[in-house]
Amino acid sequence: MSALPDPHNQGFRLSQLIYDTRYRSMTIQIVAMFGILSFIGWLIGNTNANLAALGKPIEFGFLGDQAGYDINQRLLDYDSQDSHLRAAFLGLLNTLLLALLGCITATILGVIIGVLRLSKNWIVARLMTVYIEAFRNIPVLLWILIVFGIMIEVMPAPRDFRSGEASMMLFDTMAVTNRGIYIPEPLFSGGFSDFSLFGDSALRFDVSTNLLIFLAVLFGGIYGARKLKKRADTIQNETGVRPTTWWQQLLVIFLPTILVLWAMGFHLGYPALKGFNFAGGTYLRNSLIALWIALSLYTAAFIAESVRAGIQAISKGQSEAAHALGISPGRTMNLVILPQALRIIIPPMISQWLNLTKNTSLAIAVGYMDLTGTLMGITLNQTGREMETLLIGMAIYLGLSLLISAAMNWYNNSVKLVER
Amino acid sequence: MKKSAFLGTLTAATFAAGFATAGTLEDVKAADELKCGVATGLAGFAAADAAGVWQGFDVAVCRAVAAAVLGDGTKVKFVPTTGKTRFTALASGEIDMLARNTTWTFSRDVDLKFEFVGVNYYDGQGFMVPKALGVSSAKELDGATVCIQTGTTTELNLADFFRSNNISYEPVPIETNAEAQAQYLAGACDVYTTDASGLASTRATFENPADHAVLPEIISKEPLGPLVRHGDNQWGDIVRWTLNALITAEELGVTSANVGKTGMEAGKNPEVNRLLGTEGDLGAMLGLDKDWAARAIAVGGNYGEIFEKNIGEKTAIGIARGLNASWTDGGLIYSAPFR
């Protein structure tokens with residue numbers, strides 16, 4: 001065998017790019033990359049050329065033009081004189097509000113339903129199975145329309161309140177109508193005035209100083225209460241006797257908060273029938289409620305399945321060990337099983353939250369003016385800038401999803417098992 | 001094999017995209033079908049009947065153009081479009097023309113790059129309310145919840161009207177007429193607003209039309225008409241003059257009943273002769289044959305006949321001619337002369 005001479009080193013030849021296995025894979029990848037890039041380039045070039053031929057080259061100047069239309073649910077000040085950019089921003093806030101409300105309720109519902117589906121009670125477990133199968137196997141748009149349809153058909157119209165066919169609830173503080181639910185709103189009669197961020201630009205944002213002060217005091221109180229609890233823990237560890245601190249904790253949280261509220265003239269504004277609608281109070285629109293309920297119930301079904309999978313992935317020995325130590329079933333779930341299951345549940349939960357956020361774009365079906373309804377709906381229609389509005393809309397949804405992902409991945413990393 | 005088929009399709013698509021602007025008339029003739037954008041369903045204007053055949057005032061314009069170009073009023077593919085999708089459908093070439101009670105405005109004509117070929121219905125935005133509400137004027141609507149069809153000029157007019165009268169309202173944007181109707185009837189909105197013709201059409205489909213009233217205020221000018229893309233003037237001329245032929249036919253007394261007879265031989269009125277192609281050859285200037293206008297009139301009748309049959313006072317919709325009477329009867333329907 002030693003008769004074989006070493007291959008003569010002839011240096012690099014071009015044919016090696018194809019015939020030499022050391023280089024071939026790289027050649028293929030580079031060729032493929034050029035292919036894909038040129039395809040994308042062709043797509044962009046073709047789009048631009050065709051838009052230019054239509055006389056509509058891509059430009060974003062229309063965002064500064066006057067929008068001319070009104071938005072029903074305004075979280076910030078807006079009127080029809082404002083720009084399209086401002087309208088899009090208001091729409092984005094509506095999207096965010098809906099996504100936030102939906103994610104919170106979907107998660108709470110999903111965890112409860114997922115745990116109940118594993119219940120030893122036959123009826124409860126089967127009911128939850130029926131719930132999950134019903135909700136995740138029917139398109140969410142239908143759920144939205146059904147919830148909305150039920151709301152507008154079953155609940156009384158505002159004019160029924162005048163004729164006495166319907167009446168307000170909870171000591172006349174709350175009105176449930178087919179246009180939505182009116183609840184009392186928190187108001188401040190004194191205190192400090194609001195301050196404005198970003199001046200006069202389209203992204204201007206009024207912040208209530210009173211609300212900030214209230215939140216600061218509340219969180220300060222909670223922080224103080226935790227300090228007290230920690231001190232009690234230390235004393236208990238040292239002496240074995242736990243001092244009674246519950247009333248001190250409550251006092252630390254509530255006393256300053258109530259004092260601050262009183263000082264700023266806090267009171268509730270109640271809804272009252274006036275003209276065609278109720279006026280005053282906080283108005284939760286029928287479209288918001290329908291979307292909130294439908295999206296939460298729908299996404300909760302998926303989250304419940306992730307929760308069930310996470311719990312079942314925890315070895316049975318864990319719960320048996322907990323039971324052997326005499327820990328009650330409820331505490332076993334809360335202290336032993338769920339904390340471990342959480343690590344398995346969070347990654348699929350992220351995608352459910354992303355799904356919910358993207359599903360909010362169905363809002364226009366019931367007349368909720370989210371980002372899709374304003375920027376990619378009326379603005380698109382009034383200005384005829386399909387390409388631009390859709391590109392901006394896509395970029396915003398992408399950014400939103402990436403933000404949620406990033407935040408959740410950060411959280412996921414912080415709770416994941418530290419291996420030694 | 002599969003790959004090459006895919007690439008072939010891709011190349012074909014590229015070329016198709018490249019040549020789409022070659023000429024709408026040739027495209028229509030090659031496809032032997034006119035793709036006409038209409039509403040998704042608005043009784044009297046564009047709606048499929050029990051047999052699934054499209055009927056209505058706007059549909060008749062599509063059929064007249066198809067008859068003029070292809071010789072057959074049934075060679076139309078009706079593409080239902082919403083207020084939101086219609087312009088994209090026309091701009092992208094998915095449809096050849098749009099006849100969907102669309103308001104002629106400056107920005108649509110100039111900025112959206114469309115060409116309105118004329119007006120086939122003079123309309124204005126109105127309000128419909130349940131009579132039980134006891135409202136007699138739109139100015140009493142302070143604080144009302146208003147259902148609007150989104151993607152129209154309506155929401156801009158509405159914003160302007162309420163702002164100029166310094167009263168507030170709560171807009172509820174709705175995608176289609178059917179959804180707006182459901183919300184309005186359930187009392188989720190106090191008022192439904194759209195073009196007065198649309199209100200009349202919607203009200204006609206209610207169980208008790210008499211319980212609802214259209215308020216006297218007309219808050220805008222809404223000249224509705226068919227439109228085509230910018231840049232193909234020949235096609236624009238064909239659609240424009242087909243509409244004008246229908247209007248002129250009413251003025252000159254040419255109807256679907258007598259067009260066959262008068263079309264055979266030259267009559268005494270030279271304009272009728274020019275219109276029907278028995279004198280001169282106006283059709284050739286459009287790139288069509290001599291009988292184009294005669295066929296367009298024969299398929300659904302002249303403008304007046306189309307109006308009476310679909311939305312006139314004898315129909316459930318019951319719209320009076322009003323502004324839409326021929327200019328000879330004091331209305332605004334007026335065509336440039338055929339010469």
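For all residues, glycine too, the Cβ spot is worked out from N, Cα and C.
Summarising the annotation, TrEMBL assigns domain 'ABC transmembrane type-1' to A:92-409. Annotated transmembrane segment per TrEMBL: A:23-44, A:87-116, A:137-155, A:207-225, A:246-269, A:289-311, A:360-378, A:390-411, in sequence order.
For the transmembrane segment (A:246-269), the residues of the chain that approach it from at least six positions outside its boundaries are 173, 184-192, 210, 213-214, 217-218, 220-222, 224-225, 228-229, 280-281, judged by C-beta separation under 8 angstroms.
Sequence-remote contacts of a segment are chain residues at least 6 beyond its ends whose Cβ falls under 8 Å from one of its Cβ atoms, and for the transmembrane segment (A:360-378) they are 67, 69, 71-73, 84, 87-88, 90-92, 94-95, 98-99, 102, 140-141, 144-145, 148, 285-288, 290-291, 295, 389-390, 392-393, 396-397. Same-chain residues lying 6 or more positions outside the transmembrane segment (A:289-311) and placing a CB less than 8 Å from one of its CB atoms are 98, 101-103, 105-107, 109-111, 113-115, 117-118, 128, 131-132, 134-136, 140, 143-144, 146-148, 151, 180-181, 337-338, 341-345, 348-349, 352-353, 355-356, 359-360, 362-363, 366, 368. Sequence-distant contacts of the transmembrane segment (A:390-411) (same chain, six or more residues past either end, CB-CB distance under 8 Å): 58, 60, 88, 92, 95-96, 99, 346, 349-350, 353-354, 357-358, 361, 371-372, 375-376, 380.
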